[in-house]
């Protein structure tokens, strides 16, 4: 039996990736991913029609291992996934819209390297201190995290992982269960990996962006593994949520000149062997305004051979140590964009509302970066953080409509005395849905004063600490994330 993933439109659905934490590439029995050739302006009707055609091919086939469709992707990727016999697969391959077939593989959370098991600690994590100081940590700075208290406000972070212990008190009610992708699974984190990542992103004590909202997108089971079809479905779901929030923010911005929504971030501390389809899925979400941080992997090898680490539009993160070395397990190479603390990181855990754990991996480095992306997004356009005079910054001023802002807060009885001609002249006109998008079909987040993923990624790199790390192979960047912390006089902390 074979599971196929089929896509319509300009993108392809990925095959299931292999674990980033091992050099083997286990396959899910009978599963493959299938992609359709690009079809201009593919619609959901097109997708449903093709899904029915795919299903019909298998009606007379000797299915013995769970036949039928398992996923329909109608977001950044448009396609289906399902289990089919070899005979059916031959028929599907012959369909003119099919681009390629890719066998389903296993995806893992990027767990600790072997031998890196640590007891739970109650101390504040050194990783937060490191990203707020330009120089190597010393005795006086080891536990000192300098940050903007409002960092993360208005930002949603989607943790695509094993789930989140949303009842943990460190989240202060800012952790939410978003979506469980694996069939017949439960809405809880039975592993701890996703909860740890979420804690580094946004928890009260262990988080970079302490005011951000985190959303659990469960794609991996309690054993920390899952199928790439589920991972793609998780990416698609998160991207759709982010786009919906952005569109509402644009509407609010046009009507009132302001919005509380600052943007959406995703963290993927998981992955597998190279999968062009998964990389394309992540890149599609980024093009639609979602900021992605992804783990480089723990094999001490070239990150370009892993996905989604090889997705060029995401921020691919390697792991650093307290001594400012590249962690011995961290992947490297030209696909790594930046490094972040990833060894002996203390964060939230499962089992209780107060549980913590200390673990290591590029899985811990990526959420430091996702948290910093959320931190920067919340501060964009303010004096605290405005590294680029981008089109977004200009739009924040030029698109503001003072009349609309005033009208929004006036009581109805007062608005009734304002001449209709004045309102018609000064209030924004209604616009079509298409006006939310750029010419290439991607969502234009600058319309609500946001900053694009490309702009923020470049700002993250430009603001990073350069030349601080050692033990780096050739063709690997020497940049460590930095939160641009400044003192009251505007001078950087050291």
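Just so you know, the numbers here start at 1 and follow the chain as drawn.
Backbone N, Cα and C define each Cβ position, glycine as well.
The model shown is predicted, which means the values in this text are computed figures rather than measured ones.
Sequence annotations record features per position, and here TrEMBL assigns signal peptide to 1-17. Residues annotated as domain 'Inhibitor I9' in TrEMBL: 60-108. The domain 'Peptidase S8/S53' annotation in TrEMBL covers 152-382. Residues annotated as active site, charge relay system in TrEMBL: 161, 193, 363.
The structure, with features from TrEMBL marked on it.
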residue	record	CB count, 10 Å
161	active site, charge relay system	31
193	active site, charge relay system	30
363	active site, charge relay system	35
#### Entry: Mean per-residue pLDDT computed across the domain 'Peptidase S8/S53' (152-382)
95
### Task
Specify the secondary structure state of residue 193 (active site, charge relay system) as given by DSSP, simplified to three classes.
helix
### Query
Any idea what DSSP makes of residue 363 (active site, charge relay system), helix, strand or coil?
helix
### Query
Where residue 363 (active site, charge relay system) and residue 161 (active site, charge relay system) are concerned, what is their Cα separation in Å, rounded?
10
